[in-house]
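**Q** Per Swiss-Prot, the features are:
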- Cys122, Cys123, Cys205, Cys208: [4Fe-4S] cluster binding site (BINDING)
- 216-236: region 'Disordered' (REGION)
- Cys231: active site, nucleophile (ACT_SITE)
Amino acid sequence: MNETITYDTWNDMLSKQITDQLIDELDVLKWAYRTYGEKIVYACSFGAEGMVLLDLISKINKNAHIIFLDTGLHFQETYELIETVKERYPGFAIQMLEPELSLTEQGTKYGGELWKHNPNLCCQLRKIEPLKKHLSGMTAWISGLRRDQSPTRKHIQYVNLDQKFELIKICPLIHWTWDDVWTYIRLHNLPYNKLHDQHYPSIGCEMCTLPSPDPNDERAGRWAGREKTECGLHQE
């Protein structure tokens with residue numbers, strides 16, 4: 001399977017042909033790294049799916065380029081997990097992407113605690129813009145999205161056209177369930193964020209993440225009390 005598909009050459013027929021030939025998550029990753037080489041990056045949040053994907057990627061590319069959107073607002077447990085991952089997978093090139101504005105500069109320009117009065121702008125400044133800048137030099141990126149995570153993600157494919165960042169988005173875990181993720185973590189004794197043991201299924205910035213009140217909704221604790229359910233990275 002030698003087909004190469006990019007944002008500029010995308011067509012639905014070719015993407016379907018490629019997807020139909022991909023058997024499972026490892027097959028997806030093998031194809032992705034073979035096809036895009038140094039022009040593909042994994043944007044990892046270091047959540048449960050992230051730990052699975054990191055381990056799978058290590059079987060395909062031990063020197064993979066990994067990025068983390070360091071908003072400066074993450075839980076201490078998240079930063080500690082990243083250090084653990086660096087020790088477990090020393091070949092990975094893990095890059096911390098920081099926003100252009102420090103929290104102090106952001107507060108001066110837009111008002112303090114922006115995440116409270118304008119969470120969309122806060123995500124734009126501290127997540128979307130740094131990622132967009134980094135991805136401008138890439139052809140494809142890998143994401144840990146799963147179809148059963150939320151209604152907004154139920155139609156994702158292995159290979160997707162990303163209109164927001166104008167590249168190809170690869171999602172190897174689309175068919176995995178939450179139970180599948182944790183079965184893999186336990187089977188392979190993978191490290192994970194200890195907040196998961198405190199009813200945090202989805203973990204983002206500390207100010208915008210609470211324990212989930214609904215065990216059937218993994219993202220119920222994100223931006224609790226607001227209509228917002230996504231940071232915007234995966235919305236067109």
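Keep in mind that glycine also has a Cβ here, set from the backbone N, Cα and C atoms.
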**Q** If you draw a 10 Å sphere around the Cβ of Cys205 ([4Fe-4S] cluster binding site), how many other Cβ atoms fall inside it, taking every protein chain shown into account?
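**A** Step by step: centre on the Cβ of Cys205 ([4Fe-4S] cluster binding site), count other Cβ atoms within 10 Å, giving 22.
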**Q** Look up Cys208 ([4Fe-4S] cluster binding site) in the DSSP assignment and reduce it to helix, strand or coil.
**A** helix
**Q** Counting all other Cβ atoms within 10 Å across every protein chain shown, which of the binding-site residues Cys122, Cys208 scores highest?
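**A** Going through Cys122, Cys208 one by one, the largest Cβ count within 10 Å is at Cys122.
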**Q** Just counting, how many other CB atoms are there within 10 A of the CB of Cys123 ([4Fe-4S] cluster binding site)?
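**A** Other Cβ atoms found within 10 Å: 24.
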